[in-house]
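J.: Let me begin by handing over the structure; questions about it come next.
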Amino acid sequence: MGRKVAARRARGRGDAKRARRMRSTARASHPAARLRLGARAARGAPLTYAASPTPEGNAAMAEEKTEEPTEKKLKKVREKGQVAKSKDIADAMTLAAAIGVLTACESMLTGGLSRAVRTALDFVRGERTPQATLAALHDLAASAVLTMLPFVAAAIVAGIVSQAPQAGFLITLEPVMPKFDAINPMAGIKRIFSLKSLLELVKMIVKALVLACVAWKMMTSLFPLVVASVYEATPQLARVLWTVLMKLLGTVSVVVAVLAAADYKIARVMFVRENRMTKEEVKREHKESDGDPHTKGERRRLAREIATSAPPRQRVGQANVLVVNPTHYAVAIRYAPDEHPLPRVIEKAVDDGALALRRHAHALGVPIVGNPSVARALYRVERDASIPEELFETVAAILRWVESLSGARAVAAVSSARSS
């Protein structure tokens, strides 16, 4: 009986071991697990299975927009009509245009204001019949239309001009195109309780309080002047009202301009914040605009290989001078400031190769300078690499000697031509 129980327990332990082995095999067969196991084995680390990151974690990492928007991203959102702009800029320019109209049309507006005041006083003092009421309303409406017409024209022009410093010349139909998100109730709720909406509410309250305080301060200081002028003649009363209006508008315009500048700064910061990009988006844009960095590096490497694979004779012919250790080293130096700011080693060889380079230099008329220490130092420089800083003065002296030699040859050639 005891042996049967022991046998069953042994079978149970064997089944458990087999189950664990099957689970381990299933885990290891997963593609991501195989990649991790191979990488850890290559580093000599112990092979352990690590769980894959959750999709939620990947999404959270991928959606962290911490990078400033690129020029390409800003251009793309601009094409959609999204630019950093402030409505207060338009208000400030409209108010400035209104003050300009008031200043330019002072006589006309003062006359209209005088007629309106006279009509109102005549109506109050006279007989209030329906016919008199209609006549007074007609005169007041005509005066109001004539008075407001220049302001309306100035406001339209100012509203158009105010967009130029903010958005430039931009024509797009994207903002007026129907969007299905606009009728989505959840998206609407998110917009209502968003940071942008809260900021707009705070700005509106602050602007209203500031303007109310300024207007109240101005009115309390100017109210005695208005009251004292009520008993004056109509032209004097109109002049007083005109003065009060201009002072009030001038003060308010300064306050609105300051608020508009602050609002544009805030709008610019919020616009950049809303268009931030993830690191992956920045990398992808750089690849699209500049090409894959790995591909560009491979192209440069191939270009260097093609350049260094040119025949030695051809490369020696491009050199300014061949620096040699009489029998063992030969290094060809090229200095072309329009190609590279520093002299470069374009070809080098030792022993039999050095002798071959000397023969090529003799045949092509390339100057040869014997300097064993400099030749050995230059030989340690890679092909198509700039000379090291410690050799600048020595190589510069060699190049100056080559230039003087070329000049002497040119003078000798000219003298020979003249004598012949």
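Just so it is clear, glycine is given a Cβ too, placed from its N, Cα and C backbone atoms.
What you see is a predicted model, and the numbers here were worked out from it, not measured in a lab.
Pulled these features from TrEMBL for this protein:
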type	residues	note
COMPBIAS	1-11	compositional bias 'Basic residues'
REGION	1-74	region 'Disordered'
COMPBIAS	62-72	compositional bias 'Basic and acidic residues'
TRANSMEM	89-109	transmembrane segment
TRANSMEM	140-161	transmembrane segment
TRANSMEM	204-228	transmembrane segment
TRANSMEM	240-262	transmembrane segment
COMPBIAS	280-296	compositional bias 'Basic and acidic residues'
REGION	280-299	region 'Disordered'
J.: Using a Cβ-Cβ cut-off of under 8 Å, list the residues of the same chain that are 6+ residues beyond the ends of the transmembrane segment (204-228) and lie near it.
T.: 88, 240-241, 243-244, 247-248, 251-252, 255-256, 259
J.: Which sequence positions outside the transmembrane segment (240-262), separated from its termini by at least 6 residues, show Cβ-Cβ distances below 8 Å to it?
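T.: Distal contacts: 86, 88-89, 91-92, 95-96, 98-99, 102, 106, 109-110, 113, 117, 207, 210-211, 214-215, 218-219, 222, 225-226, 229, 232.
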J.: Sort out the residues at least 6 away from either end of the transmembrane segment (89-109), same chain, that have Cβ-Cβ distances under 8 Å to it, and list them.
T.: 147, 150-151, 154-155, 157-159, 161-163, 165-166, 242, 245-246, 249-250, 252-253, 256-257, 259-260, 263-264
J.: When DSSP states are grouped into helix, strand and coil, how many residues of the compositional bias 'Basic and acidic residues' (62-72) land in each?
T.: 3 helix, 1 strand, 7 coil
